[in-house]
Amino acid sequence: MNTQDVIDIFKQADAILEGHFILTSGRHSAIYMQKAQVFMHADLTEKLCRGLAEKIKRSIKEKIDYVVGPAIGGLIPSYETSRHLGIPSLWVERVNGIFELRRFKIKNGARVVIVEDIVTTGLSIRETVEALVAAGADVVASACILDRSGGKVDVGVPLIALAEYEIVSYASDALPTELALLPAVKPGSRNI
């Protein structure tokens, strides 16, 4: 599966939106990849996550103990990817604004791959790495369905992206005029 295949799946699900969006990262964009529109279709989700699992297998030869997803956005892709890898899926969730591995205990040194839906700045992955290291995990890599940075983001561990697709985003104080004129919509899940 390549980048165009991923984009085609998003198009098939009518999941590429245009307007003025405030991303989960806080940055602004004229394009929003509404992964919920994809994830509501089990067949499309299965295709993406099977492709991601295959890419993870090609990239990581050593044993992986767990796949971990950051709640909320990473829950579905991490679970489905873990199913294709044949290993357990766990998640971190926010407690007082900070990710914690709340519902699970892992053995010290457990080899973990973080799976996320879409990466823009990589903040959720970096926060997930911190939570997992605090829980004793060895985070060997992270993975995502779509890297919006086009491969430029640094998440602190290797990032395996099923697709890299650079979508321009802006700081709130650097919006182009045509974007600033549109009302902003914030569809993300960071503060839920």
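Cβ coordinates come from backbone N, Cα and C, glycine included.
Annotation source Swiss-Prot lists 5-phospho-alpha-D-ribose 1-diphosphate binding site at E116, D117, I118, V119, T120, T121, G122, L123, S124, citing sequence analysis. Taken from Swiss-Prot, the feature orotate binding site applies to T120, R148.
Swiss-Prot feature annotations superimposed on the structure.
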| residue | record | CB count, 10 Å |
| --- | --- | --- |
| E116 | 5-phospho-alpha-D-ribose 1-diphosphate binding site | 25 |
| I118 | 5-phospho-alpha-D-ribose 1-diphosphate binding site | 26 |
| T120 | 5-phospho-alpha-D-ribose 1-diphosphate binding site | 22 |
| G122 | 5-phospho-alpha-D-ribose 1-diphosphate binding site | 22 |
| S124 | 5-phospho-alpha-D-ribose 1-diphosphate binding site | 28 |
| R148 | orotate binding site | 25 |
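R148 (orotate binding site) and S124 (5-phospho-alpha-D-ribose 1-diphosphate binding site) have their C-alpha atoms 14 Å apart, to the nearest angstrom.
Note: the 5-phospho-alpha-D-ribose 1-diphosphate site is recorded as E116, D117, I118, V119, T120, T121, G122, L123, S124; in the same chain, T24, S25, I125, C144, R148, V153, V155 also have Cβ atoms within 8 Å of that site's Cβ centroid. When secondary structure is read from DSSP and collapsed to three states, S124 (5-phospho-alpha-D-ribose 1-diphosphate binding site) falls in the helix class.
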